[in-house]
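Participant: To start, I am sharing the structure in question, which I have written as structure tokens.
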Amino acid sequence: MKNTVKVHSFHGGIHPPENKKQSTGAPIAIAPLPSRVILPLQQHIGLPAEPVVSVGDRVLKGQLVAEAVGRISANIHASISGTVVAIEPHPVPHMSGMEAGCLIIESDGRDEWIEHQGLEDYTQLPKQELIEYIRRAGVAGMGGAGFPTDVKLHLGDDHIVNTLIINAAECEPYITADDMLMRERADEVLGGIEIIAHLLKPLHIMVGIEDNKPQAIRALHAALDNSPLNLDIVITPTKYPSGGEKQLIKLLTGIEVPSGRIPADVGIVCQNIGTTTAIYRAVIHGEPLISRIVTVTGQAAGHKQNYEVRIGTRFADLLDHSEVRREQMHRLIVGGPMMGITVINEQIPVIKTTNCLIAGTIGEMPPQPPAQACIRCGMCEQVCPAELLPQQLHWFAKGKEFEKARHHNLFDCIECGACSYVCPSNIPLVQYYRFAKAEIRKEDEEQRKADHARIRFEARLERLEREKIEKEERRKQRAIEAAAAQAAKKDAALNITSSSADNRPAAASAPDLKQLKSNAAIARTKLRKAEKALTNAQEKGLDGIETLQATLQQLQVKSEQAEKAYADAQSAPALQQAPSAPVTDIKQLKSHAAIARTKLKKAEKQLAAAQETGDADIDALKAQVAELQAKSIAAEKAYSEAENGNSPATTPGIDTTELEADIAALQSKVDKAESAWKTAAESGSPAADKMAAGVEKLKDKLKALQDELATIRASASPAPATAVDSTALEADIAAMQAKVDKAENAWKAAVESGSPAADKMAAGVEKLKDKLKALQDELAQIKAGSTAKATSDSGTAASVSIKELKQQVSIMRTKLKKAEKQQAELAEGEKDPALEAEIAELRARHDAAQALFDAAEAEKAAAAAQQGIDLKQLKIDAAMARAAVTKAERALSKAEHDLKQTLEEELLAARAKAEKLNSTLERFSE
Amino acid sequence: MSAVLIAVLVLLGLGLVFGILLGYSSIRFKVEGNPLVDQVDSLLPQTQCGQCGHPGCRPYAEAIVNNDEAINKCPPGGQGTIEALADLLDVEAIPLDAEHGEEQIKKVAYIREDECIGCTKCIQACPVDAILGAAKQMHTVIVSECTGCDLCVEPCPVDCIDMLPIETTLNSWQWPVPKSGVELIATDRHPGIALEADA
Ligand code: SF4
Ligand code: SF4
Ligand code: SF4
Ligand code: SF4
């Protein structure tokens, strides 16, 4: 048999003993049906497939059980019929010896095919669909990395494929799977090549085969006679590693694939001979890839031959079948002796790329003698098929000079092992390259990650900066808007007075009214002027503020009197009046109320500022605020009264909205006062207490207003009252809660900064909470009266507060733990009494919180007993208690002796609590 | 005499011309910032953890370049970073300064989500915005963005953040450093031990 094409040669290469004859004596046998198969979800580089069946499902042979994810990934099919018994980690054939996700199928012994059918005439199908058809069959490279075949078939899309090379070299010792396949199934091989050729349309097809397979060559030639294919069977001299992709290309075409490129870049596509039959079966018979030919050989094997094995068969089954003498077997190798891997676990399954199992005896596979120093003999360099400098690479890898190794084309190394094979010093050269490659890949990955992190970090900094600027701008904007609004309001007030004054002559019937009104207007203007003077004086800190204030008060009284007179006069003849009159009046009153509010706000702000700076005249200011408040309320009351009295027809709806607005305003005031108080408390200002009192006062007022609102509503429209009222109340509750939260935060901050005001604040928080509770009760009562929904509502309310309590408890616990940790760190040397005291305090507080929480929970449990709705909550609580136990245990194990006692007690308590909770839980979940 | 004068003048002229040229190019091709700091910064792992005693990776890089700070203070980077830095700065690679912590296996943060109270403290602490959440909502870590810097653990008031080691998968597994005398695959290189005999 002569070659029709010139055979080139590649650099280096070795001639290890072939050891192939042992396993070519017998024809391919069908391995017995395994009782269970283990299908790894990842049998190649790329992503693992995603299971599409679940445990317990019955599957048929050839059924899709796991679907490819992404481009480099392959479908997996059941190789036997039976039941999926598990999807779990299981040892897989991998260098790491690690476990990976596998799908395990227990056979039903029937070996029942799923319905399948080949394509009648694949040439009629569009190429894309044909490739997709092959992809669905899960065909992957059957030698080497198990690269999904369809990826290579797509290469025709963006590359010009001149040459198709079918790799039948099978250069590694021992392996004869391809050899036997060609001998016995040459038709299928050629059929598969036809399909690939149809897809890629190459100009030239070559089958590269080593000259140690004469029978296979003959079989191919015989089959070629009945085939329309025009291909060259190229016989190459036997040399390891002629089956390497780049080496075979060099042999057959003389072309060298440049470093870092793929063969398709030079117009060549390679396919493994085993893959061709898989494609053939998939396309012509519609059979997915569920079996392959595996050589079982080695001196310990009884029958050295090739088997057609179902994918997923355990090595143990296969070894048993070929009667391997286990006592003689020293090593079990998957793949060839040069590039394969040693496995220890026989439960590992055959996968799509498993071509050979070698059960080697100790004489056959002797242990490696220890490595010696490199003697710079240069033999490794002579045999390297990639024309590298193995010796140099070894130095770099050993010295961790990975950058240099990279520059010496480390990544061109195909890990063929030829250099290790010839090295007289037994240096594990390939292992060093693998290690170096992995390290370089890791470093690259880390660099990528670091760059990514830097980008994100910088983006974050930018964002923070931007947010700060935006906030500042918004603040400025708001200030400007507020000023504008104020000015507008003043203008409007003036306009109204003047315009109503102008319009009034038409009404004519009440001249004294007009008079009164202008009086009031004058009084107001004077008042305003005085106020301005006062603020001016205050801002500049001038003398005589007291007198100014006195005048202001007088003026205010006067103004009020005037307005009242006016209002009285107006309300008396209201019936005869033009309808516009009361409206105007109300408007005025309203604006008056608004002005009063604004004043109050200003004063409050001043007060806050003064308190922060610690001014002396805080008391005076406070008095002023109180006065203003009273006035504001009076104004508002007058307004609401006027509204009520004047226009009962205009519905209580408006009235309540107005009141509600007032309440909202007051609330914001309360909030402001609180925040002022918080800052004061944080800075440890002595004014904090007074402020707290002020806050309380404000809150009382708020409450009064709210009550008022409630009564007004109740009296005005009893029919819809309950509904409206409850919503209002709910809003109140929400506001209250917000307040409670705020207060708590403030308190927390105070505690953290160790401010002495913390305790008082805690008391304040408690008070607030009580109030909240009262409000909630009220709501519940109202609801209970009106609807049946009440119980569930109060339930949620209670759960909210319990949640808060729980958070408090856990926060406390963490704080306690942190302090203790600090203590433990100190413990070795000296003891810090202050810290101890702190811990004690914290613990006390924690206990208190816990007790509170417990109480709340007990209440909860009672509620649950009645309603049986809060099981979930209970469960979570139980889990938390358990967590507390573990935490305490952990702390205990860490703690020093002296701390042990107390911690043990705590642990006991926690345990008791956990038990209690658990038992409650059990009781309820029954 | 005139020859000497000419020589002096020529040299003077040359000096002037090159001086102008150099002056111009130093303005025209001015390099923004300190490129060395950038290079050092790019070698640091960017966890921003502050274990080196500086408020972040860049400040440490600046300290290394400007203040001769030691290059062995970055535990997350470990020996690899030290070697890269030594390479760049052409100094001796020294072992990691244990005072700043030890090199540890890579970890990522996980939030025990049913315990999270949604306080957003961890979000504020995370330098790479790897935590997702909103006030009073459960929070979670975007694992692929987390650098494992540890900074979110301390601020959490209920201690529900764990630092868990990253699991090795088949894809992330690495070949270890080879040991001498390990069992190699390329073993049947001692021909003649009854190999072809039983064929
Ligand atoms: S293992 Fe790498 S370096 Fe050694 S001979 Fe093969 S290709 Fe060359
Ligand atoms: S074959 Fe071994 S001893 Fe010889 S040069 Fe290569 S590494 Fe060194
Ligand atoms: S999530 Fe935590 S550990 Fe991860 S990067 Fe953010 S702060 Fe660091
Ligand atoms: S710090 Fe802790 S409790 Fe707060 S949001 Fe983050 S994980 Fe949740």
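Cβ atoms are placed via backbone N, Cα and C, with glycine included.
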Participant: Kindly point out which candidate in B:C119, B:C126 is recorded by TrEMBL as part of the [4Fe-4S] cluster 3 site with B:C146, B:C149, B:C152.
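Facilitator: So the [4Fe-4S] cluster 3 site in TrEMBL includes B:C146, B:C149, B:C152 plus, from the candidates B:C119, B:C126, B:C126.
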Participant: Quick check: of the binding-site residues listed here (B:C74, B:C122, B:C156), which one has the Cα closest to that of B:C146 ([4Fe-4S] cluster 3 binding site)?
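Facilitator: Ranked by Cα distance from B:C146 ([4Fe-4S] cluster 3 binding site), first place goes to B:C122.
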Participant: Tally the residues of the domain '4Fe-4S ferredoxin-type' (B:137-166) by DSSP class, grouping H, G and I as helix, E and B as strand, and everything else as coil.
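Facilitator: The breakdown for the domain '4Fe-4S ferredoxin-type' (B:137-166) reads 3 helix, 7 strand, 20 coil.
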Participant: Would you mind sorting out which of B:C116, B:C122, B:C149 (the binding-site residues) have a C-alpha within 10 A of the one on B:C52 ([4Fe-4S] cluster 1 binding site)?
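Facilitator: Within 10 Å of B:C52 ([4Fe-4S] cluster 1 binding site): none of them.
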Participant: Does any of B:C49, B:C126, B:C146, B:C149 have a Cβ within less than 6 Å of an atom of ligand 4? These are the binding-site residues; tell me which, or none.
Facilitator: none
Participant: If I restrict to non-local contacts, at least six residues apart, and a C-beta distance under 8 angstroms, what lies near B:C74 ([4Fe-4S] cluster 1 binding site) in its own chain?
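Facilitator: Result: B:L44, B:P45, B:Q51, B:C52, B:Y60, B:T81, B:I82, B:L96, B:H100.
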Participant: When secondary structure is assigned with DSSP, how many helix, strand and coil residues does the region 'Hydrophobic' (B:1-26) contain?
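Facilitator: Helix (H, G, I), strand (E, B), coil: 25 helix, 0 strand, 1 coil.
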Participant: What residues elsewhere in the chain lie close to the domain '4Fe-4S ferredoxin-type' (B:137-166), defined as a C-beta under 8 angstroms and at least 6 residues from its ends?
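Facilitator: For the domain '4Fe-4S ferredoxin-type' (B:137-166), the sequence-distant neighbours (Cβ-Cβ under 8 Å, at least 6 residues beyond its ends) are 45-50, 76, 105-131, 172.
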Participant: When the Cα of B:C149 ([4Fe-4S] cluster 3 binding site) is compared with the Cα of each of the binding-site residues B:C49, B:C116, B:C122, B:C156, which one is closest?
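Facilitator: It is B:C49, whose Cα lies nearest.
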Participant: For the recorded [4Fe-4S] cluster 1 site, enumerate neighbouring residues of the same chain (Cβ within 8 Å of the Cβ centroid of B:C49, B:C52, B:C57, B:C74, site residues themselves excluded), in sequence order.
Facilitator: B:L44, B:P45, B:T47, B:Q48, B:G50, B:Q51, B:H54, B:G56, B:Y60, B:K73, B:P75, B:P76, B:G77
Participant: If you draw a 10 Å sphere around the Cβ of B:C156 ([4Fe-4S] cluster 2 binding site), how many other Cβ atoms fall inside it, taking every protein chain shown into account?
Facilitator: 21
